[in-house]
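Asker: A single structure is presented below for examination.
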């Protein structure tokens, strides 16, 4: 996952406009699919449109003006709430088909990732429009196809992306952690099982994990909202322990099926909680040190800001000379 995020980060700074358009189109297609499926079930189109369409667009417009790290607090939770609520659209328990249940759970993660990708691309476009980040120059031409791909993913230090901001990273990780918790809850919820053609209830495997996680979901949600490092470490230790215990109690003939059908969802949740537990920006204000690999910073009054270039470069000096004059 980290490797995919690194690749998307580099592509986003090289082609922010193209990724913004692609992400917006893909996100719109997912929204239309969700609206269609839920409209056929509930018939309340106005509420669904306002919940899954209008509030995220409001967040995108705010990011285009102020940036992710300066979005006012009420706008951010309102905009990302549909991402979290979409996790509740996953089936309350796995279906009889491994493909159907897996695809339905994946769509919640895809919906969130597409929107977060679009938000980050809009933020890069804003930074480039304000001159905070220079456009990436053309890559060198190589005859070898593999080297051409590497050139596209390579960002020279002189044209690197926006300095990673603790508030920005914390906000994105918080959304991902909440989504992983609610996907687990929706998948393993023992109170609303599905039913097969004969009318028998279908419960997720392992059943013990679902019953215990149903008790833990509220503390985990509160811990994610409060960005508690203790809750994060507790989730890292408790989730694999409970899942392993549940697998041990499952019938040996169903262990592999349960591991394939629901194990990856637990693994994703453990991964995001691990990142939250080990991140220096989760639950406390970090001391951000400027990196020599990223020239786009400046220090004023002991705080790190996104700057105009190298501190010793002519562009940096001309910028501060014009500002002081």
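Yeah, the Cβs are placed from backbone N, Cα and C, and that goes for glycine too.
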Asker: TrEMBL tags one of 142-160, 256-274, 275-293 as transmembrane segment - which one?
Answerer: 256-274
Asker: Quick test of your reading of TrEMBL: among 121-137, 172-188, 189-205, where does it put transmembrane segment?
Answerer: 172-188
Asker: Between 75-93, 208-226, I'd like to know which one TrEMBL lists as transmembrane segment.
Answerer: 208-226
